[in-house]
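Below is one structure; the comments refer to it alone.
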Amino acid sequence: LQGIFVLGLPYALLHSGYSGLFLIILAAGLCCYTGKILIACLYEENEDGQLIRVRDTYEDIANACCRKLSPRLGGIVVNVTQVMELIMTCILYLVVSGNLLSHSFPYVPMTEKTWSVIVFVTLLPCVFIKTLKIVSKLSQLCSLAHFIVILLVMTYCLTQIHHWSWARFRLSIEFEDFLVSVGVIIFSYTSQIFLPTLEGNMENPGEFRCMLNWTHFFACVLKTTFALTAFLTWGEETKEVITDNLPPFLQTLVNLCLLTKAALSYPLPFFAATEIVCACVSRSNHCNYVSPLFTLGVRSSFLLLTLLMAMFIPHFALLMGLTGSVTGAAMTFLLPSLFHLKLKWKKLSFLEKCADISVFILGLLCSLAGIVCSITGLLEVLK
């Protein structure tokens, strides 16, 4: 919930003004809600009225919804969407790492792509990760690095409090800039891909809803505080990545922390993507066993694929925005609300149905707007 997107929130406020603060709170509530209804789709009531977990993954939910059309159609669509988003996320971490190193050491005669290759070499041990426990420990270190970055930036901003002015906030907004802000804010909260696995691995799954409430609440408070203090510090000079506004001595330190965060963030989407592929192959062979050699081959191929795409795809940021608008909105808003309506229609109240339909429509609008903005940007670059 506290990814690299957080660094773009002050820039989002620059283009959305007071409405951006409202969007940060609204997005937290919506993403928390879709997380809950997604997990609700994993359960069914037995004859005694007790909830029993009858499904384990996002794929199982999709298959249950599309059973009449095709037993595996929904799962295929969901798996392809998940793998696309996860792989693109891994590529983004490599691109960001190269960018951070090149800006931290401008006097070293190396390109961003060369720096990305160096980071890639340090990530090679990812092919040997076998369990989620290892990933969780790396994620803890990632969270630590993230909070250090937030603390450093906010501490500097608080030293500039005498320059703050609420007059910097805009009441009027430009529609296209506002859409960009919506995308940054919403996608800074996305975590639905990981929730079924996370809930299934909890010692007490009954605490999942409470955990989701508190994590989204604290994420919302931290995002709002961070975005607000940074924007009030730099105002109209706020850059797309707020660390670029920092003085040189602090920028290098923060960039190195961000590099650590990016490298430690890589294993989670990488592990999730390879697990999905291996699970699909296992089921297609009507067997629950996948040879260690095959698994190693899949992981090695994915690792190499992320490097090659980071090296050779031009205008990657725009392509990432286009993919994110399709996969991110689908996995976060469209599919959870659609699946919940399909599986729980008879048991939902009128207000719950209205809530699901509203979330679906909102997700569709966000997706279409993001696609239009990304395609427009690509066409302008390619002219």
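Note that Cβ sites are derived from N, Cα and C of the backbone, with glycine treated the same way.
Copied over from TrEMBL:
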DOMAIN    2-375  domain 'Amino acid transporter transmembrane'
TRANSMEM  20-43  transmembrane segment
TRANSMEM  76-95  transmembrane segment
TRANSMEM  115-132  transmembrane segment
TRANSMEM  144-166  transmembrane segment
TRANSMEM  178-198  transmembrane segment
TRANSMEM  210-233  transmembrane segment
TRANSMEM  253-281  transmembrane segment
TRANSMEM  293-313  transmembrane segment
TRANSMEM  319-339  transmembrane segment
TRANSMEM  359-379  transmembrane segment
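Residues 94-95, 97-99, 101-102, 197, 201, 259, 262-263, 266-267, 270-271, 296, 299-300, 303, 306-307, 310-311 of the same chain lie 6 or more positions beyond the ends of the transmembrane segment (115-132) yet place their CB under 8 Å from a CB of it. Counting only same-chain residues 6+ beyond the ends of the transmembrane segment (210-233), those with a CB under 8 A from a CB of the stretch are 1-2, 6, 9-10, 12-14, 20-21, 24-25, 28-29, 31-32, 35-36, 150, 153-154, 156-158, 160, 163-166, 168-169, 188-189, 202, 242, 245. With a cut-off of 8 Å on Cβ pairs spaced 6 or more residues apart, the transmembrane segment (359-379) and the transmembrane segment (253-281) reach fewer than 3 such pairs and are scored as not touching. Across the candidate stretches 20-43, 144-166, 178-198, 253-281, the maximum count of CB pairs under 8 A to the transmembrane segment (76-95) is reached by 253-281. A Cβ distance under 8 Å defines the sequence-distant neighbours of the transmembrane segment (178-198), meaning residues of its chain 6+ beyond its ends; these are 1, 3, 5-6, 8-9, 11-13, 15-16, 19-20, 23-24, 27-28, 30-31, 34-35, 38-39, 42, 55-58, 61, 82, 85-86, 132, 216, 219, 223, 268, 272, 321, 324-325, 328-329, 331-332, 336, 366, 369-370, 373. With a cut-off of 8 Å between Cβ atoms, the residues of this chain six or more beyond the transmembrane segment (253-281) that come close are 3-4, 7, 57, 59, 79, 82-83, 86-87, 89-90, 93-94, 96-97, 100-101, 103-104, 119, 122-123, 126, 129, 132, 134-135, 138-139, 141-142, 145-146, 148-149, 152-153, 193-194, 197, 243, 246, 290, 294-295, 298-299, 302-303, 306.
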